[in-house]
Amino acid sequence: MGGTLGKLDAAAPELAKQALGPPDRLCRPSRQAPHMLDGLALTVRTSLLMALLAALGALLVWVGTYQVDFTSWFDRGVQAGFTGLVDTRVGAVADRLVHLGDPIPFALMSLMLIAAALVRRRPRSALMAMAILGGANVTTQVLKHLTEGPRAYDMGAELWPSGHTTGAMTLALCLVLIVPRRHRPMAAAIGGCFTVAVIYSLMVLGHHLPSDSVAALLVATSWTFLMLAVARLAERRWPSPVRREPALSPAAVLWPVAEVAVFAMIAIVGIAASRPGQVLAMASAQTSFVIGAPLLGALALVLAGGVALSLRR
């Protein structure tokens, strides 16, 4: 008996070593957990950086609009090209589209988005949408009062930024947040087109200058990235029980938005080819419009695609 116990005592250290592994295993941190936390921290920092850049962009737009004569001249030149279409069929369509950004339609569409998030059992997404829809639009109204005053080409007070554009863009970005991940690329394309339609309608009817809409796009985007940072911090503190969806590749996310841009270019080329004389005359007389109008639409699509890209995984 004593011999058996002696053998067990001698073998105990070896058995413990085999069971526990190398001595440093117990004090060595898990590789997976720090990696997950580092990645999450990186996305929080990136979201905050994007929110800050969008806010700084809006500030630069304000400086250009109110302080720089050339920017104001270009701003008015782009709008002049749009307002020339007010007496055409485009003007009639614009008059209908612009009302989608009115308070009642905006409130109804906001409630639909929040309800959709709750139906999908995504209360955090619903809270994010409420914060973005409310915060961005309140910010826009506050900025209207703070920036009230004459511009180089004055159109009246309380126009910067555009409330209708803020409403349309926040709806578009919240749609991207709420739908399932695999549908976010298409949601970004649809939401971007909706926002562009509202912006162009405002320009045709002469309700706003392009800079008003550019600032509104940036306000909405800044609030969206800010809420993404908050949501990711909350996810680190209180992990969600919701099953994670498969990640999307950057190409898959950006493809629908790129398709919209390509179709728009094809349409422009087709119009130019069918009426070369008129197009050349317009390009010569309204150069600001020919340059600024596509850039304004592209900005809305790029920002919507950027939010979708940040949510691809």
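Any Cβ shown, glycine's included, is placed from N, Cα and C.
Please treat TrEMBL annotations as automatic predictions, because they have not gone through curation.
These figures come from a predicted structure and were not determined experimentally.
For 40-63 (among others), the entry in TrEMBL reads transmembrane segment.
Beyond the ends of the transmembrane segment (103-119), by six or more residues, the same chain brings 125-126, 129-130, 133, 167, 171, 174-175, 178-179 to within a C-beta distance below 8 angstroms of the stretch. As annotated by TrEMBL, transmembrane segment applies to 103-119 (among others).
Taken from TrEMBL, the feature transmembrane segment covers 126-147 (among others).
Positions annotated as domain 'Phosphatidic acid phosphatase type 2/haloperoxidase' by TrEMBL: 158-230. Across the domain 'Phosphatidic acid phosphatase type 2/haloperoxidase' (158-230), the prediction's mean pLDDT works out to 93.
Sequence annotations record features per position, and here TrEMBL assigns transmembrane segment to 159-179 (among others). Beyond its flanks by at least six residues, the transmembrane segment (159-179) meets 58, 62, 65, 98, 100-102, 106, 109-110, 113, 116-117, 120, 122, 125-126, 128-129, 132-133, 136-137, 140-141, 143-144, 147, 151, 187-188, 190-192, 194-195, 198-199, 202, 207-209, 211-213, 215-217, 219-221, 223-224, 300, 303-304, 307-308, 311 of its own chain at Cβ-Cβ distances under 8 Å.
Residues 78-79, 82-83, 85-86, 90-91, 93-95, 97-98, 100-101, 162, 164-165, 168-169, 171-173, 175-176, 179, 213, 217, 253, 256-257, 259-260, 293, 296-297, 300-301, 303-305, 307-308 of the same chain lie 6 or more positions beyond the ends of the transmembrane segment (186-207) yet place their CB under 8 Å from a CB of it. Look at TrEMBL and you will find 186-207 (among others) tagged as transmembrane segment.
Residues annotated as transmembrane segment in TrEMBL: 213-231 (among others).
Per TrEMBL, transmembrane segment is recorded for 252-273 (among others).
When Cβ-Cβ distances below 8 Å are used as the criterion, the transmembrane segment (285-311) is approached by residues 43, 46-47, 50, 73-74, 77-78, 80-82, 84, 169, 172-173, 176-177, 181, 184-185, 187-189, 191-193, 195-196, 199-200, 203, 210, 213-214, 217-218, 220-221, 224-225, 228, 250, 253-254, 257, 260-261, 264, 268 of the same chain, each at least six residues removed from its ends. Among the features that TrEMBL reports, transmembrane segment is placed at 285-311 (among others).
The list of residues near the transmembrane segment (40-63) in space but at least 6 beyond its ends in sequence, with Cβ under 8 angstroms from a Cβ of it, reads 147, 160-161, 211, 214-215, 218-219, 221-226, 228-229, 232-233, 235-236, 306, 310. Residue counts for the domain 'Phosphatidic acid phosphatase type 2/haloperoxidase' (158-230) under DSSP, split into helix (H, G, I), strand (E, B) and coil, are 61 helix, 0 strand, 12 coil.
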